[in-house]
């Protein structure tokens, strides 16, 4: 299984494991990568808001396609430097010269299609501002709560919501945003919480649907 609930490549075949600190976690970070465990503990499944932060996660999930998320995680500082912190107003102005520059950057994944998709996504993000914005589009597709997964087998790789959201994003001009990539982004951004039952993070963040409702009524 290459994805643990979307973006995570398994470093451990056990659904849950007890780390060297005595804490029970989802098994996918494994025991050998402190940075992977830290990502699981501090970021994965935690609600993310803000146009730039959401654009970054969408684009990095696109870069992850076909690779281990650990590779992307370790290259994330270089990605942020290369793409101006994923500021959509800056990235949207990137030219073919910038594409060629990025193709020479050994710190990132040098894939022309994914680089061009990131630029297209920045431009689409600016266009969305006239229609509520990227944050509103993503969070209105947060699903209703479902029973907490008890094993990797219970975690889908895509859902009806991710399929609908992928179609909406493609229609808005986004690229490299298939339903599996979108579900991984939904997990990473906290629209869904797929920490397994028994993980110390299970239930530590409110469901995306409830957050969305709070935002609508505030």
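Each residue's number is its place along the chain shown, starting with 1.
From the backbone N, Cα and C atoms, a Cβ is placed for every residue, glycine too.
Note: TrEMBL annotation is automatic and uncurated.
Here TrEMBL has 26, 195, 199 binding Zn(2+), and the candidate from 33, 40 in that same listed site is 40. Packing around residue 199 (Zn(2+) binding site) is summarised by its Cβ count: 23 other Cβ atoms lie within 10 angstroms of its Cβ, all protein chains included. Note on residue 40 (Zn(2+) binding site): other Cβ atoms within 10 Å of its Cβ, all shown chains, come to 24. Residue 26 (Zn(2+) binding site): 30 other CB atoms within 10 A of its CB, across all protein chains.
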